[in-house]
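The FAD binding site feature in TrEMBL is assigned to B:ASP37, B:ARG38, B:THR44, B:SER45, B:VAL163, B:GLY295, B:GLY296, B:TRP297, B:GLY298, B:ILE299, B:THR300. Under the heading D-dopa binding site, TrEMBL lists B:TYR220, B:ARG266, B:GLY296. Look at TrEMBL and you will find B:7-307 tagged as domain 'FAD dependent oxidoreductase'.
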Amino acid sequence: MRVAVIGAGVIGLSTAQCIYERYHSAVSSLSIEVYADRFTPQTTSDGAAGLWQPYLYDNGNTLETKWNKETFDYLLGFLNSPDSIKMGIFLQSGYNLCSDPAPDPSFRDIVLGFRQLAKRELDLFPGYSHGWFNTALMIEGKSYLPWLMNWLKQRGVKFYQRKVSSFQELADSGVEVIINCTGVRSGELQPDPELKPGRGQIIKVSAPWLKHFILTHNFKKGVYNSPYIIPGSRHVTVGGVFQLGNWSEQNSTADHKKIWEEACSLEPSLKHARVMEDWSGLRPVRSRVRLEREMMQFGPVIHNYGHGGYGLTIHWGCALEAARLFGEIIDALKEPCLSDLKEH
Amino acid sequence: IQVTQVVAVVGAGVVGLSTAVVIAEALPHCSVTVLADRFTPNTTSDGAAGILFASQFPGEQRRWFKRTFDHLLLIASSPEAGVAGVFLSSGWQIFREVPPEKKPYWSDCVLSFGTMTDAELKRFPQYKFGQAFTTIKCECPSYLPWLQKRLEKAGGIMIHEKVTDLAELGLRYDVIVNCSGLGSRELLGDEDVHPVRGQVLRVHAPWLQHFVRVADGHTYIYPGAGGVTLGGTRQAADSQAIFERCRRLEPSLGSARPLGEWVGLRPGRRNPRVERGHVRVHGRRVPVVHNYGHGGWGITLSWGTALDALDLVRQCLNERPPEARL
């Protein structure tokens, strides 16, 4: 059975992995192919800082909170394995700061060591009156994606670098199940008015004395539009831009200036950091993740896109669900059709 | 007219430089000269990981620790953090058995001290109890040059000279401040001072963001700006053994790249000696302020003991009018 995954960001690759793991022995001659126009290190997942953290509140979307938790627990399990660094997984603690009092975030019980910030700590961040400290995980795309690709290649998964223009095109070539992990450009394969780009820009700097993430939240400005500083294994990511509807992947000088000024206000020692380069990316923003199967005239498609700024954070829970949906498709194919029975 | 008093500070490690800076900045009518045979990066302080972690001395240590912590916290939250090598460090201290005292005296001096949750302890299966907190890392290869600049700005000077005779120094200076660390054993004949050997490895493992310290002090992992320091010992030990103990706590160290080793001698003493003394010079008594014997807590207690030494220097200066030196 030929299965095609479109998209080679964290969603596409992890979904391919999850389906392979669960079905390669159950499904005879399962062959998985990955199609994408961009591979690591050119994907959106590669540019993200890699901090595991969902948006502060899930607004009742408990399914996504469940997928976030599944991902956290899954990644945590790799911490003591010899592969953890190859995968780009390590612990990191830090600060979430709010300008006004706010209820505890949805991820409070998922992360480690969650607690309220004491006054003495808040004094370190003038302008922020409330906040939390916790230990979370980093999952760096620049390591994780190559690790995933290697894992898949070793198991015979084939990769094709090209832009797929339609689901039909793949179906015509003999693909039986399509997994659509096309992120922000999913609308090109099937229009989706709910999907919009959430443009982000980040500055990579060298500041190796910084060991904590610092995320600020300004409820008037909205998510990610307020400064954040996330140290990584190779550099520190400095950001704070979220422009809904902006498709530009070019770095903007105006955005750089705004990010830099606000970040230096937050962390004065950045004054002596060495600026390396800027990067811009498009978060695939949607009111909720689209994770469902759709029967099209040429066959089944599983959609798995729209993970906003939390793709790395939620990827494994979604991969598990996508694999479950794949299982439903396999089961449906095995069941004899009821109408067939009736006719006989 | 105010006559300038000349103060000699013996020793240019973290205690000597901190004391010199404190005096030079507080007493503008004093001219401070630091004399030492070794300057950064060749002092004992330079090899220390520099994680502020409180001692177990009797007496003044809480005040010394708190004052040092608060002073360094100001630097850590300033634009100078990266330049001075002073920054926040979070992590865990773990115990094989539940300790009788779960909240030590220094728990309110550091930031956000708390007991580790079961989920946090899971990573360390052989340990039954742990403390999580945020402290400060103060890296002397950066901090000492930063202190030196601060000393020069306050009018202080530094001289490369091995001091072997305090009486000789008393000919040239009004007050002597002795921060000679292990050197006090020979310089003063203080047999209470004894070398406590420390050996550390440094590795490149930039994904490590947290310190891990086993409560007995024999094993620790301290990530810094230029590398991760692995230790430790109180006596001779094989560096492979240090690495293995640390790797058992933090398996990802298997992917670390070695950077080097360092061996130093801590100026061990039952407690730091911060008190007045004197030396006889041609019938005169030249006051001496002692500030040495900080063991493995030189950085941790540096600013607090320097402030106490300043008070003693003030006392000395107030008691004696300056005399002409001929």
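Placed from the backbone N, Cα and C atoms, the Cβ positions cover glycine too.
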_For D-dopa: widest Cα to Cα gap among B:TYR220, B:ARG266, B:GLY296 in Å_ = 17
_I want to check the contact list for B:THR44 (FAD binding site): same chain, sequence separation of six or more, C-beta distance under 8 angstroms. What comes out?_
B:GLY13, B:GLY181, B:LEU182, B:GLY264, B:LEU265, B:ARG266, B:PRO267, B:GLY298
*Mean of the pLDDT scores, which run from 0 to 100, over the domain 'FAD dependent oxidoreductase' (B:7-307)*: 95
*Taking only the Cα atoms, work out how far B:VAL163 (FAD binding site) lies from B:TYR220 (D-dopa binding site), in Å, as a whole number.*
35
*Would you mind pulling the longest C-alpha to C-alpha span across B:ASP37, B:ARG38, B:THR44, B:SER45, B:VAL163, B:GLY295, B:GLY296, B:TRP297, B:GLY298, B:ILE299, B:THR300, which the record has binding FAD, in angstrom?*
26
*Which whole-number value in Å describes the distance between the Cα atoms of B:ASP37 (FAD binding site) and B:TYR220 (D-dopa binding site)?*
30
_binding-site residues: B:VAL163, B:GLY298, B:THR300 - member with fewest neighbouring CB atoms within 10 Å_ = B:VAL163
*Give the three-state DSSP assignment (helix, strand or coil) for B:ASP37 (FAD binding site).*
coil
*List, in sequence order, the same-chain residues at least six positions removed whose CB sits under 8 Å from that of B:GLY296 (FAD binding site)?*
B:ALA48, B:SER55, B:VAL196, B:GLY198, B:GLY217, B:ARG266, B:GLY268
*Which ones in the same chain are close to B:TYR220 (D-dopa binding site), with CB under 8 Å and 6+ residues apart in sequence?*
B:ALA49, B:ILE51, B:PHE211, B:VAL212, B:ARG213, B:VAL214, B:THR229, B:LEU230, B:GLY231, B:GLY232, B:CYS246
